[in-house]
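Asker: Dropping the structure in here first, questions after.
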Amino acid sequence: MAAAAAALASSPMVHLTASRLRLPRPARSPAAATPSPSPASAACCSRGAACGLEWRPKSGLRALRRCEDRLRCFSIDGGGGGGGGGGGGTGGEDGEKRGEEEAAAAAEAKVGGAVEEMRSERTRSGSFSSSSSSSSGTPGISNEPPFLSFSVDNIDTVKLLELLGPEKVDSADVKAIKEKLFGYTTFWLTREEPFGDLGEGVLFIGNLRGKREEIFAKLQQQLRELTGDKYNLFMVEEPNSEGEDPRGGPRVSFGLLRREVSEPGPTTLWQYVISLLLFLLTVFSCVELGIASKISSLPPEIVTYFTDPNATGPPPDMQLLLPFVESALPVAYGVLAIQLFHEVGHFLAAFPKKVKLSIPFFIPNFTLGTFGAITQFKSILPDKKTMFDISMAGPLAGAALSFSMFSVGLLLSSNPAGASDLVEVPSKLFQGSLLLGLVSRATLGYRAMHAATVAIHPLVIAGWCGLTTTAFNMLPVGCLDGGRALQGAFGKDALFGFGLTTYSLLGLGVLGGPLSLPWGLYVLICQRTPEKPCLNDVSDVGTWRRAALIVSVFLVVLTLIPLWDELAEDLGVGLVTSF
């Protein structure tokens with residue numbers, strides 16, 4: 001085994017560098033011209049590459065460097081002999097060619113025998129011994145892809161990933177920023193770390209020398225003067241910091257990313273097409289919800305024809321369906337109006353802060369009419385207050401309109417003058433929400449609620465669906481409105497803990513009842529990722545914003561928790577059947 005490794009090392013195989021494999025090329029000297037690599041070297045290199053050999057960095061690189069001089073001397077000596085033979089005319093040239101061919105054949109046979117001996121030794125022992133490689137001073141060779149081994153293919157793959165990945169920060173710009181931006185009066189730099197999802201940026205870690213908002217504004221202005229609009233500077237919490245800043249609050253660091261990497265891309269044509277298709281599907285699902293709520297008023301001729309298997313004769317006139325569909329449209333209009341008002345709230349809050357939003361992508365649902373909409377940020381948020389305000393504006397607007405419809409609908413339901421506009425719904429539906437069930441019970445009374453069906457106004461259905469959809473979107477998870485608000489108020493760590501709790505409650509069916517599974521799948525597929533950090537990701541949102549969020553989450557839980565049977569029976573909400 002040692003003899004085989006020594007034979008392989010003594011041959012003009014390859015010279016390993018950090019980026020590629022190449023033949024050794026001796027430096028030119030004025031005394032003698034540098035010969036080209038001999039055919040023996042090329043033959044051995046191709047034979048070694050064909051074997052698919054890989055070198056272990058720990059034991060192989062040092063040995064290869066020690067063999068470098070030996071390989072170079074071997075190549076120079078072989079070339080010098082050929083050059084000396086060339087002085088004898090044509091016979092000398094023929095002798096040189098024959099000598100090179102013989103040397104190539106001998107070297108190839110020598111390396112081939114060494115490799116075959118290594119393979120047979122591997123078959124007997126199962127693997128190459130690293131100790132024998134170390135003792136002989138030659139690199140250990142393995143056909144297995146060990147964790148610390150590398151090859152030309154691996155290096156090319158890394159380079160390819162770097163080319164396909166996001167563009168990194170220029171080292172020259174980093175040097176200029178360190179020299180001209182940071183100092184003992186602003187931010188004393190101690191070390192640097194990678195920043196960003198793929199390490200495409202630079203995180204400057206050090207000690208702050210003043211008020212963070214003032215220093216951050218000063219650094220942003222100096223960065224624009226130095227590099228223009230090439231980069232974005234982020235102020236984030238220092239990772240793995242020990243304690244808080246002496247001036248109060250968390251210790252901060254500054255992250256640097258290219259503008260085209262850190263900023264969201266514009267809305268594409270395909271996104272507009274997808275948004276239009278989803279909106280049409282949402283309109284259809286809202287109409288279907290209205291039809292389902294008015295199913296009790298379907299013409300009896302149509303009901304008999306489609307439900308009686310013994311029915312004969314021509315089908316009923318479909319013109320009878322037109323009044324039925326028209327009576328179902330108010331529910332559809334109400335659900336769509338609530339969701340559109342929700343999105344208008346987001347845009348009204350984003351406009352004065354100069355934050356761009358994407359076109360909303362509505363999510364259809366046949367139970368509630370819609371699951372809401374996905375609205376993306378199309379510009380970097382300046383601070384956490386902006387994230388909180390924009391995220392909370394939509395749910396507040398939608399909840400205000402939904403509760404108004406729900407309350408007015410309950411009042412109209414208890415008015416005998418409008419009995420012709422009421423629809424019959426199963427009283428079991430009021431057990432789906434603790435908060436809304438109690439409000440309905442307090443408004444309609446025990447006699448109306450303690451029955452198999454309850455006559456309610458269509459506005460109650462629209463308001464109920466709107467409040468439920470708003471409550472789902474206010475859950476503190478991912479990039480939902482509630483998740484964004486929680487991330488702005490308490491940070492990503494709190495969002496991770498609340499998100500895990502929310503997923504658990506949805507999986508157990510504690511929140512949302514039968515809608516917990518489809519809603520949980522929707523969030524996992526489309527909304528699970530937290531929002532990207534703001535430029536100033538350290539600023540405090542204030543006490544009243546946190547208090548408003550806590551109250552909102554409490555109301556969300558009351559809205560999504562169903563009424564359990566014992567409480568529903570005691571309150572008279574529906575008829576509870578005991579088996």
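Quick reminder: no glycine exception, Cβ is built from N, Cα and C everywhere.
Summarising the annotation, Swiss-Prot assigns transit peptide to 1-44 and lists sequence analysis as the type of evidence. What Swiss-Prot records for 1-42, 78-146 is region 'Disordered'. Annotation source Swiss-Prot lists compositional bias 'Low complexity' at 16-42, 104-115, 125-137. Under the heading compositional bias 'Gly residues', Swiss-Prot lists 78-92. The annotation transmembrane segment is assigned in Swiss-Prot to 272-292, 321-341, 357-377, 392-412, 419-439, 452-472, 505-525, 547-567 on the grounds of sequence analysis.
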Asker: Out of 321-341, 357-377, 452-472, 505-525, 547-567, what stretch is closest in contact terms to the transmembrane segment (272-292), meaning most Cβ pairs under 8 angstroms?
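Answerer: Answer, by Cβ pair count: 357-377.
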Asker: Go through 321-341, 357-377, 452-472, 505-525, 547-567 and flag the stretch with the largest number of C-beta pairs under 8 Å relative to the transmembrane segment (392-412).
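Answerer: Highest pair count goes to 452-472.
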Asker: When only pairs 6 or more apart in sequence are counted, do the transmembrane segment (357-377) and the transmembrane segment (419-439) reach 3 or more Cβ pairs under 8 Å?
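Answerer: These two stretches do not touch.
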Asker: Six or more residues out from either end of the transmembrane segment (547-567), which same-chain residues have a Cβ under 8 Å from its Cβ atoms?
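Answerer: That would be 388, 392, 395, 430-437, 467-468, 471-472, 474-476, 482, 485-486, 489, 510-513, 573, 576.
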